[in-house]
Amino acid sequence: MERMFPPKKPSTMNSHDRPMCVQGDSGLVLTTDPKPRLRWTVELHERFVDAVTQLGGPDKATPKTIMRVMGVKGLTLYHLKSHLQKFRLGKQPHKEFNDHSIKDGMRASALELQRNTASSSAMIGRNMNEMQIEVQRRLHEQLEVQKHLQLRIEAQGKYMQSILEKAYQTLAGENMASAATNLKGIGPQTIPDMGIMKEFGSPLGFSFQDLDLYGGGGGDQLELQQNMEKPPLDGFMPMNHENLCLGKKRPNPYSGNNGKSPLMWSDDLRLQDLGSCLQDDPFKGDHHHQIQIAPPSLDRGTEMDPMSEIYDSKPEEKKFDASMKLERPSPRRAPLGERMSPMITTGTMAQGRSSPFG
């Protein structure tokens, strides 16, 4: 190799006068080492790659064919052979250039990857934050809705409770008002009922007395019946011996000058018959108990005797024994029709005799 380059070195050194580098007319750059070496520049490497490509690749290309295709003066087979071998092994002759390019590419790819990763991570983080914010917002809205519904339910319950309380109060007030009205209505209504009982008590009592008198029961049975009928009337109304009389008073045009009218029975004709029969009653003197009944009189203006004088027995007479009278069986009587017919006949005759109108 040294034999091939001796004439080239002095010419290069003479032309440039530089001991460090020698450059020929072909553009080759050689080192200034004791054994000069060819430096593959970028242009020279590009021409080598083009020649290899034209020849069909590094496997088909040979140093001779490459040297013929390149046509560079000063380029020997040694240079091409070593460079082709490195090229085939993938090692570029221009190491620094390749290292820088590789490093730059790796840096660029790393930066791009970092950028992509950062952007993707930023997007992912942003999306995650947005999703978390959206989830929190929806949860907050659901909580607000639940709270609102709870408030509405509580308000509805309070409203229903107030309505029920008002209804209870209204019903209680109505019940109290109706009860008070009933109490007010019951108070004055009892008095007329008592008056009605007082009015109808004596005529009903005397109807049974008339039957007893005309049936022959005697004064004892009449007194017993009167004593048994008196307690219910005494329980309903207070006894006033001065004002309570048999029957009720009616205005009488035939009364005297003292202004008091005699007792008028509800049935005048029947009571006149009763008085006439009592005057002629044969059983009047046979019993120990005497009953005083004053017949109505139109001529005198005196007042009727009170009930106490009529029904009370005389001091010298014996008191009535209710147990004795209840134990004694009553005599057998005739039917009611047979007893009423003589009563009506006798009453008609007595009326003809004692009627002031007739």
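Just so it is clear, glycine is given a Cβ too, placed from its N, Cα and C backbone atoms.
On a predicted model such as this, the values are computed, not experimentally measured, just so you know.
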Listed range which Swiss-Prot flags as coiled coil, given the options 82-126, 127-171, 172-216: 127-171
Range among 1-20, 241-260, 281-300 that Swiss-Prot annotates as region 'Disordered': 1-20
Across the DNA-binding region (63-88), average pLDDT on the 0 to 100 scale: 83
Sequence-remote partners of the motif 'LHEQLE' (139-144) [C-beta within less than 8 Å, at least six residues beyond its ends]: none
Long-range Cβ neighbours of the coiled coil (127-171) (under 8 Å; 6 or more residues past either end): none
